[in-house]
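Quick notes on the structure that follows.
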């Protein structure tokens with residue numbers, strides 16, 4: 001009998017812990033809406049106790065997306081965290097409190113500096129309290145793969161008796177190997193079914209040894225009923241289990257695993273592309289399922305075989321995962337309906353009334369200039385439109401700029417707006433971008449360091465749109481900025497400014513430019 005595997009996506013919580021991948025509230029909602037289209041069963045929307053911004057994002061996701069998908073958020077085994085989770089997710093139709101507490105010796109002794117019994121009691125008390133708030137509670141035994149098995153089981157048994165409805169077994173540091181992890185899940189599953197066969201057994205793997213997908217599939221083979229993953233395998237260090245790899249592994253090897261998911265496969269590529277666009281973190285070209293070369297064949301022998309029968313060298317088709325529907329070609333005559341459909345296919349909400357009309361007018365201007373508008377052009381239009389909407393009085397806008405470049409003294413003059421104020425300054429630099437960034441830094445008064453600068457072409461021909469991704473460091477934290485424009489110097493300025501605005505949003509830092517620079 002085929003089992004249905006529950007899929008929890010934790011891109012917005014665990015995935016967002018990647019330096020520079022932080023999203024604002026609107027971006028998180030945008031991505032959560034796409035996860036809803038993807039039809040994941042549970043969205044882990046964040047860690048609400050960590051900041052007011054994360055609390056707000058989780059709350060908005062629960063309110064706007066939680067009508068048909070379960071929403072959860074992470075809590076440590078303390079009352080304040082559990083309260084924050086409850087308050088942020090309670091508007092969802094099927095909310096779930098997720099509690100995490102370590103079980104390995106190193107966690108108990110070094111992290112908590114308590115006895116094993118004391119840590120176990122912390123977990124039991126946390127579950128009992130969470131159950132007074134909501135009926136559904138998941139308990140994660142952090143670092144389970146390095147834990148003493150009998151203590152691990154003692155913890156699981158105690159929290160199940162306290163009311164936990166899901167037990168999640170994490171390979172927190174990616175230490176396990178597939179046969180070992182599969183055996184661990186088999187043993188837990190065997191005991192858990194005898195204890196309470198209504199409790200769901202889940203796994204959460206990390207990719208430090210490149211084994212996250214293999215370990216997750218081994219766990220499913222050995223009785224796991226739920227998997228926790230991220231899109232593109234996004235996550236801190238080497239990343240998390242890749243959702244698309246697990247889902248397609250179960251699909252392609254259905255006879256082997258005798259398990260399936262509710263995920264809409266045709267939304268996989270679209271979801272991956274949206275995440276790449278929002279975070280600015282590109283997928284490696286040879287990444288399974290979602291990489292640019294995942295369905296590319298350059299070998300003559302392979303091409304010959306494919307022409308005779310695609311199944312000679314393809315175990316899945318690009319059409320299955322939505323790769324066939326990504327290329328959109330629009331013209332000025334495409335009309336509102338076609339444009340609206342194109343925007344929605346790329347995972348964005350189109351808005352209504354005046355908002356949509358303003359976006360459509362921008363599309364017509366671009367279509368007149370470029371003649372043919374592709375999917376990346378639509379991405380550009382929508383994100384630039386959204387960015388303009390989100391600018392507030394304490395963030396900077398680019399008013400104008402001028403760059404003069406020569407062999408001696410490249411110079412940039414920049415004028416910024418912040419609310420009703422304007423600021424202007426000129427700087428020289430080692431090239432046009434350095435001069436531009438030096439002028440912006442002087443105006444905003446923040447000592448940010450440029451850590452990474454990348455530029456890519458997003459569309460075709462001499463009118464191609466360039467995308468600039470930058471990463472900056474401020475007070476030890478990494479922030480990202482990205483922008484697109486047919487003028488790459490302008491895109492560079494906007495990306496840098498977006499990174500600085502991310503700093504301001506994160507820190508609530510209301511910087512002032514020097515009076516002499518105004």
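Note that Cβ sites are derived from N, Cα and C of the backbone, with glycine treated the same way.
What Swiss-Prot records for 14, 204, 206, 240 is Mn(2+) binding site. The domain 'Pyruvate carboxyltransferase' annotation in Swiss-Prot covers 5-269 and rests on sequence analysis. According to Swiss-Prot, the region 'Regulatory domain' annotation covers 397-518.
Features recorded in Swiss-Prot, as mapped to the structure shown.
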residue	record	CB count, 10 Å
14	Mn(2+) binding site	25
204	Mn(2+) binding site	27
206	Mn(2+) binding site	25
240	Mn(2+) binding site	30
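Highlighted in sequence order, 10, 170, 172, 205, 207, 212, 228, 229, 230, 235, 239, 241 have their Cβ within 8 Å of the centre of the Cβ atoms of 14, 204, 206, 240, the residues recorded for Mn(2+), and are not part of that set. Confidence over the domain 'Pyruvate carboxyltransferase' (5-269), given as mean pLDDT on the 0 to 100 scale, stands at 96. Under DSSP, the residues of the region 'Regulatory domain' (397-518) split into helix, strand and coil as follows: 36 helix, 51 strand, 35 coil. Under DSSP, residue 14 (Mn(2+) binding site) is assigned to coil, being neither helix nor strand in the three-state scheme.
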